[in-house]
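Sequence annotations record features per position, and here Swiss-Prot assigns heme b binding site to HIS63, HIS92. Taken from Swiss-Prot, the feature domain 'Globin' applies to 2-147, supported by sequence analysis.
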Amino acid sequence: VDWTDAERAAIKALWGKIDVGEIGPQALSRLLIVYPWTQRHFKGFGNISTNAAILGNAKVAEHGKTVMGGLDRAVQNMDNIKNVYKQLSIKHSEKIHVDPDNFRLLGEIITMCVGAKFGPSAFTPEIHEAWQKFLAVVVSALGRQYH
């Protein structure tokens, strides 16, 4: 992927403003609520039977932060995202059997949470476009090891 200087700057500046402890839990909770079939991958997280249970589930919140930590690795390694996610892609493909489209869904929800948090003055169309490109590369890398 070729990144322009403006895209790199936009992604890094936006990332620097994101509170992973807020956006991560929000996004993963919303994924589990809006797309309930994704819950099957989180059976070990305890009670996720209702929206309130999901929103109050500490394991969901913690895993949301973990997901955002994975995005941090991508932000820090924008020229090597495929390799950054190679082992994680294998794990999600061969061990957890996650539908790779779920990565796209989560990326869309993360984008909605970020957009709602910062609004149009900070999440401008240019920043949004760079962010979408970044997440598309991440989603592609996560799906790369699927057969």
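Heads up, the Cβ atoms here are built off N, Cα and C, so glycines get one too.
Looking just at the domain 'Globin' (2-147), the mean pLDDT is 92. Residue counts for the domain 'Globin' (2-147) by DSSP state, with H, G and I taken as helix and E and B as strand, are 117 helix, 0 strand, 29 coil. Around HIS63 (heme b binding site), the same-chain residues at least 6 positions away in sequence with a Cβ under 8 Å from its Cβ are GLY24, LEU28, PHE42, PHE45.
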